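Q: So that we are looking at the same thing, I have put the structure below in structure tokens.
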Ligand SMILES: O=P(O)(O)O[C@H]1O[C@H](CO)[C@@H](O)[C@H]1O
Ligand SMILES: [Mn+2]
Ligand SMILES: [Mn+2]
């Protein structure tokens, strides 16, 4: 069996590949992020991902499978009871989330908001489920006049705080988030993530900045990342990965501004020597296009990523393994603005592997990834997941 000295794991945030069998329970019957974007655009120009075998995973209207895919390919099911970023990434690294995280479809309880207002010395606006761009359009002006911060949530377990950078300086916003983080760690509330959502601009023309910051809870048990770090391997987190794991098991964190900046930083990372895992999340697909229900923008982002694939392949050394997947869906043609319950694509490429990839079938859980990575680096396997390392030849 081959072992690899470096693994690069790329998560295309929200690029799902069709409804999971239990999608109906999530109000997501018939969703298909990649398929519906391709259908909407009458095809997608992603020649490099096609060469790897993206369209070989399953038939997708407008995308042609290739005769000789360069990568091993398949799709993965999520067994955890959730469709958010945290649940998806944690499952990849071996955690089964059986009890869904607490969500707040009616907004946060009054007593929590009152305590929060008291502690931060500012009032709260909103306190409801909303889309982040819509709620700043709706309440941004009032926020600027009164200095009250905008609090909102979604179908996920998130406490999001939006504020204009010129009204609430970033340092203060981050402090406010720390207060919210502390209050919502209480079991009574158990919110998974507090998120700072700074924005700039004039009423009617607000834009969010890249100064977003996530305050996550630590995973409830050790993940494959912890096992790697304990075994003195490098665990390099690029983009929001470090936030998602609250820094746990990460040996180096690199923050990014955008998908393309993320790819640049991955290339920089691959150009340097390391031994272990480079784990990157490209969030624009999700935050800029999926939640905004913008299939045209989403398609462009996919095509833009595709143009960078040759550079990524060229940056790989003989003994490297590249894995491309996603953490959930976010079908921009589906109702609402939330994630969608989907399979995620799986593409695995290595220069030392056979030039024609085989099917890895339908993986029962995202944790097959963690199990594979653990086996590769000879660290303790996660409780769930089956390694497919021996299939890679
Ligand atoms: O609508 P925006 O602010 O982008 O928020 C989205 O981002 C959150 C965190 O990923 C999701 O829960 C969803 O609410
Ligand atoms: Mn995500
Ligand atoms: Mn999202």
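Just so it is clear, glycine is given a Cβ too, placed from its N, Cα and C backbone atoms.
The following feature annotations were taken from TrEMBL:
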| type | residues | note |
| --- | --- | --- |
| BINDING | 13, 327, 328 | Mn(2+) 1 binding site |
| BINDING | 286, 291, 339 | Mn(2+) 2 binding site |
| DOMAIN | 6-380 | domain 'Metalloenzyme' |
Q: Quick one: pull the CA-CA distance for residue 291 (Mn(2+) 2 binding site) versus residue 328 (Mn(2+) 1 binding site), whole Å only.
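A: So the Cα of residue 328 (Mn(2+) 1 binding site) lies 12 Å away from that of residue 291 (Mn(2+) 2 binding site).
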Q: Inside 8 A of the center formed by the CB atoms of 286, 291, 339, which other residues of the chain have their CB, for the recorded Mn(2+) 2 site?
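A: In sequence order, the nearby non-listed residues are 13, 14, 287, 290, 328, 330, 337, 338.
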Q: Nearest of the binding-site residues to residue 286 (Mn(2+) 2 binding site) by CA-CA distance, picking from 13, 327, 328?
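A: If we rank 13, 327, 328 by Cα distance to residue 286 (Mn(2+) 2 binding site), first place goes to 13.
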Q: List, in sequence order, the same-chain residues at least six positions removed whose CB sits under 8 Å from that of residue 339 (Mn(2+) 2 binding site)?
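A: Counting only residues 6 or more apart in sequence, the Cβ neighbours of residue 339 (Mn(2+) 2 binding site) under 8 Å are 14, 83, 84, 85, 155, 156, 286, 290, 328, 329, 330.
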Q: What same-chain residues, at least 6 away in sequence, bring their CB to under 8 Å of the CB of residue 13 (Mn(2+) 1 binding site)?
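A: Long-range Cβ contacts: 85, 281, 282, 283, 284, 285, 286, 287, 326, 327, 330.
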Q: Taking ligand 3 as the reference, state which of the binding-site residues 13, 327, 328 have a Cβ closer than 6 Å to one of its atoms.
A: none
Q: I'd like to know which of these binding-site residues, 291, 328, is least surrounded, judged by other CB atoms within 10 A.
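A: Looking at the binding-site residues 291, 328, the Cβ with the fewest others within 10 Å is that of 291.
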Q: Tell me the Cβ neighbour count for residue 286 (Mn(2+) 2 binding site), meaning other Cβ atoms within 10 Å of its Cβ, over all protein chains shown.
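A: Excluding its own Cβ, residue 286 (Mn(2+) 2 binding site) sees 26 Cβ atoms within 10 Å.
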Q: What is the average pLDDT across the domain 'Metalloenzyme' (6-380)?
A: 97
Q: Scan 13, 291, 328 for binding-site residues whose C-beta lands under 6 Å from an atom of ligand 1 and note them, or write none.
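A: Among the binding-site residues listed, those whose Cβ sits under 6 Å from ligand 1 are 291.
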Q: With respect to ligand 2, which members of the binding-site residues 13, 286, 291, 327 satisfy a Cβ distance under 6 angstroms to one of its atoms?
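A: 13, 286, 327, in sequence order.
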Q: In terms of DSSP three-state secondary structure, what is the assignment for residue 286 (Mn(2+) 2 binding site)?
A: helix
Q: Can you name every residue in this chain, apart from 13, 327, 328, with its Cβ inside 8 Å of the center of the Cβ atoms of the recorded Mn(2+) 1 site?
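A: Filtered neighbour residues, in order: 11, 12, 14, 15, 16, 85, 88, 89, 281, 286, 326, 329, 330, 339, 344.
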Q: Would you count the other C-beta atoms found within 10 angstroms of the C-beta of residue 327 (Mn(2+) 1 binding site) for me?
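A: Other Cβ atoms found within 10 Å: 30.
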